[in-house]
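Residues or ranges marked as active site, phosphoserine intermediate by TrEMBL: Ser67. For Ser67, Asp287, Asp289, Asp291, the entry in TrEMBL reads Mg(2+) binding site. TrEMBL lists Glu383, Ala384, Asn385, Arg511, Pro512, Ser513, Gly514, Thr515, Arg520 with the feature substrate binding site. Per TrEMBL, domain 'Alpha-D-phosphohexomutase alpha/beta/alpha' is recorded for 56-89, 114-175. The annotation domain 'Phosphoacetylglucosamine mutase AMG1' is assigned in TrEMBL to 183-293, 308-448.
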Amino acid sequence: MSEFAKEKLTALMLEYPKPSGIILGYGTAGFRTRADILSWIMIRIGLLASLRSKVKKACIGAMITASHNPEHDNGVKLIDPYGEMLDQSWEVYANNLSSLDDNIHVLWDYLETLMTQLNVQLNDKSTVAIAYDTRQSSPLLSNIVKNAAEILNTNIMNFELMTTPQLHYTVRCYNDNELYGSCTEAGYFDKICTAFRKLIEARRYNLCMTSGAKPAEQLAIDAANGIGAQKLVYLNQRLSDLLTIEIFNDGTKGHLNEKCGADYVKLYQKAPDGLPLTNYPKYCSIDGDADRLIYYFIDENQRFHMLDGDRFSVLFASFISNKLKEAKLMDQVKMGVIQTAYANGSSTNYIVNTMNVPVACVPTGVKHLHHKALDYDIGIYFEANGHGTVLFSDNLKSKVKAAIEDQNRTDEERLAASQLHVFIDIINETVGDALADLLATEAILCLMNLSIEGWLHLYNDLPQRQLKVAIKDRTMIQTTDAERRCIAPAHLQDCIDELVSKYSSGRSFVRPSGTEDIVRVYAEATTQVDADKLADDVRKIVEELTK
């Protein structure tokens, strides 16, 4: 059988040869580059997905997307059995396969060595679930992954067009025998839409019994001309009586992520093209593969206001902590918000000192945030770019269920527990999910009777500034304390501390880029002028000490 497999792999490599001199590394985003030079790596990722499935005796996901990147790019990343990112230890195998040229003997020898090391056989069963976004290059690339995986005796589940979070969800459902939900796109929508409907209809019924229900505020959505636009159409059909949305940048004109999408809005701090800035009380943008979400609005003075990841953390934590208190469960569970050094100091202060919820700080990167969130019964994390979710422990879920069933509790306590129980079903715990987070946000605003302006005014951000500093070797900068303090070069942190002490509410840190020889400088202070000045002063110190 191995000779037949080698022949098929040889033919596939001849059809999609590796360009000479190319180097690709597997990171948080998987493999990602221009689509026209990506086909060869899909062979390697198909092989790797099959091996991972054999080892875990579970379905592994392969998502073809380049997320918020331009349309001419594409990429691929693997999804582990419970919807989490590929275990970091396997990135080594991905990079080893990437480094090998198209020599069938060398490549096959490596595969056999790896199978021996991992204690799996060529004919062991494996299952790989594949999905892709709307990029023109995606169907071909996904087909290469399929063909490569099948060489190693792999069953393929091809879900075709899906958002990235939908595939994460589907892989999780398949591997836990659908305890988390039905492992289909229909099952995904049934779960989040049914939960949203329960919360909103109950809220409307209660309002009608008292002062009368007001209609939902309109929401204009920028879908980044990506896969999310198609899924939002279905979402709108399911919930049009409860949620008033209008979809723009829906892919019928314009290009994917070009001057639109959540990343564009966050980066340039302004509304996207293709979105009419009149007649809508609130707006939001998702990104190309629908795992990021940013809200914003235009005030009566025509000023643009954005609500990013820090704001979601505060909103979600406010709602959940309120429900825990109403259900008399707050003292029985461990709740925390996980942030990085980039979180605005005002958000941290509000969460800790006003809400009395602990905050943990971790190094930059969703894998660090997600891992830390597992330490809590309720772990809330959002990156500044709007990518985030909430993790709920089995302990929390059982306590909520018990509270609902406890006849000795008051109606108010049981109602709060029931609302929390239903809210959990809106959340996609496997990964940040723009569609699920959108429904969760709209549900919270409704249940808390909070406008988008009210959400913004929960706290006031400190002005901040971020700069990039080019240096000859980024490894000269070494950090500790979740990247908030420098340990090299010598005296840099002392200089930063001295500069920070001169500014009211001043804070600054520097960290090396993970991919290029630049250092990122972050600074915040009471005024924008002070934040800009502090960032520039720190930049000068970095340049001086890294000459």
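Keep in mind that glycine also has a Cβ here, set from the backbone N, Cα and C atoms.
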Surrounding the recorded Mg(2+) site, with Cβ no more than 8 Å from the Cβ centroid of Ser67, Asp287, Asp289, Asp291 and those residues left out, we find Thr65, His68, Thr163, Thr164, Gly226, Ala262, Ile286, Gly288, Ala290, Arg292, His387, Ala434
Around the Cβ of Asp287 (Mg(2+) binding site), other Cβ atoms found within 10 Å total 34
Most Cβ neighbours within 10 Å, among the recorded positions Ser67, Asn385, goes to Ser67
Counting other C-beta atoms within 10 angstroms, the emptiest spot among the binding-site residues Asp289, Asp291, Glu383 is Glu383
If you tally other C-beta atoms within 10 angstroms for each of the binding-site residues Pro512, Gly514, the top scorer is Pro512
Using DSSP three-state counts, the residues of the domain 'Alpha-D-phosphohexomutase alpha/beta/alpha' (114-175) come to 31 helix, 15 strand, 16 coil
Rounding to whole Å, the Cα atoms of Pro512 (substrate binding site) and Ser67 (active site, phosphoserine intermediate) are apart by 23
Of Glu383, Gly514, Arg520, the binding-site residues lying within 10 angstroms (C-alpha) of Asp291 (Mg(2+) binding site) are none
Long-range Cβ list for Arg520 (substrate binding site), cut-off under 8 Å, min separation 6+ in sequence, same chain only, gives Gln466, Leu467, Lys468, Val469, Val510, Arg511, Pro512, Ser513
The recorded positions listed are Ser67, Glu383, Gly514; by CA-CA distance, the one closest to Asp287 (Mg(2+) binding site) is Ser67
Model confidence for the domain 'Phosphoacetylglucosamine mutase AMG1' (308-448), as mean pLDDT, reads 96
